[in-house]
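Asks: Sending over a structure as structure tokens; questions will come in a sec.
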Amino acid sequence: MARLIFLGAPGAGKGTQAKALAAFSHIPHISTGDILRTAVASQTPLGLKAQSYMDQGNLVPDPLVIDLIRDRLSQSDAHNGWILDGFPRNVVQAVFLDELLVDISHAYDYAINLDVPDDVLVQRLLGRGRQDDTEEVIRRRLQVYHDQTAPLINFYQSQDKFLSINGNIPPEAVTEELRGLVQKAVVDS
Ligand code: ADP
């Protein structure tokens, strides 16, 4: 069983890595970005509220993502572990998550940062071609990352369960490091 929080800038590779690691560990990959994109595509009430923020590269308002995560973590498949990808994205969300995990008695094992330099991020995002990957939106998302999400590195460092991995190496090498970490989390728990 492992409970992991993935941090990292847009384009750091956390989606790809989180997905692969979740499949390997037989635990759900919980990506707020994926959940929100599905909601937008199917025009649910959540999707309708979230769309304009996402289109501009801004964070969707905290109450919407907080409700989404509270619901998702209460589902039965999340009782034996999970990988959170894209949540928390700011300090308000991180404080909420800490409180929620105490309430449901589910401590996380590690917060893992995938570290990639900005110039590499921009190149990767421009090459990805997702609908919200225009240059202007990419720059905005990176700014939001530096202003609001990067401070979570200090937040989690101070809890002593923080690890940073170099994300600027081949994807398979990142995967291998992450598998080692999960195995350690399983042994320790
Ligand atoms: P990226 O590929 O940039 O890491 P994600 O797929 O994680 O992006 O998220 C895409 C968009 O969804 C974000 O730009 C943001 O608008 C919204 N989003 C995802 N997670 C959150 C969150 N935890 N809080 C607020 N908005 C979020």
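Placement of Cβ uses the backbone N, Cα and C atoms for every residue, glycine included.
As listed in TrEMBL for this protein:
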type    : residues                                                                             : note
BINDING : Gly11, Ala12, Gly13, Lys14, Gly15, Thr16, Arg128, Ile169                             : ATP binding site
BINDING : Thr32, Arg37, Asn58, Leu59, Val60, Gly86, Phe87, Pro88, Arg89, Gln93, Arg130, Arg141 : AMP binding site
REGION  : 31-60                                                                                : region 'NMP'
Asks: Ligand 1 is in the model; which of the binding-site residues Thr32, Phe87, Arg89, Arg130, Ile169 have a C-beta less than 6 angstroms from one of its atoms?
Replies: Thr32, Phe87, Arg89
Asks: Cβ distance under 8 Å to Ala12 (ATP binding site), same chain, sequence separation 6 or more: which residues?
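Replies: Counting only residues 6 or more apart in sequence, the Cβ neighbours of Ala12 (ATP binding site) under 8 Å are Leu114, Asp115, Val116, Leu121, Gly167.
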Asks: Rounded to a whole number, how many Å is the Cα of Arg128 (ATP binding site) away from the Cα of Asn58 (AMP binding site)?
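Replies: Their Cα atoms are separated by 19 Å.
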Asks: Between Arg89 (AMP binding site) and Lys14 (ATP binding site), how far is it from one CA atom to the other, in Å?
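Replies: Counting only the Cα atoms, the answer is 13 Å.
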Asks: Over the region 'NMP' (31-60), what does the predicted model average in pLDDT?
Replies: 97
Asks: Lys14 (ATP binding site) to Asn58 (AMP binding site): how many Å between their Cα atoms?
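Replies: The Cα atom of Lys14 (ATP binding site) is 19 Å away from the Cα atom of Asn58 (AMP binding site).
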Asks: Please spell out the DSSP helix, strand and coil residue counts for the region 'NMP' (31-60).
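Replies: Residue counts for the region 'NMP' (31-60) by secondary structure: 22 helix, 1 strand, 7 coil.
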Asks: Rank the binding-site residues Val60, Ile169 by how many other Cβ atoms lie within 10 Å of each Cβ and give me the one with the fewest.
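Replies: Ranked by other Cβ atoms within 10 Å, the binding-site residues Val60, Ile169 bottom out at Ile169.
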Asks: Given that the record lists Gly11, Ala12, Gly13, Lys14, Gly15, Thr16, Arg128, Ile169 as binding ATP, what is the largest C-alpha to C-alpha distance among them, in Å?
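Replies: Value for the max Cα separation, rounded to a whole number: 18 Å.
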Asks: Nearest to Thr16 (ATP binding site) by Cα, among Asn58, Val60, Phe87 (binding-site residues)?
Replies: Phe87
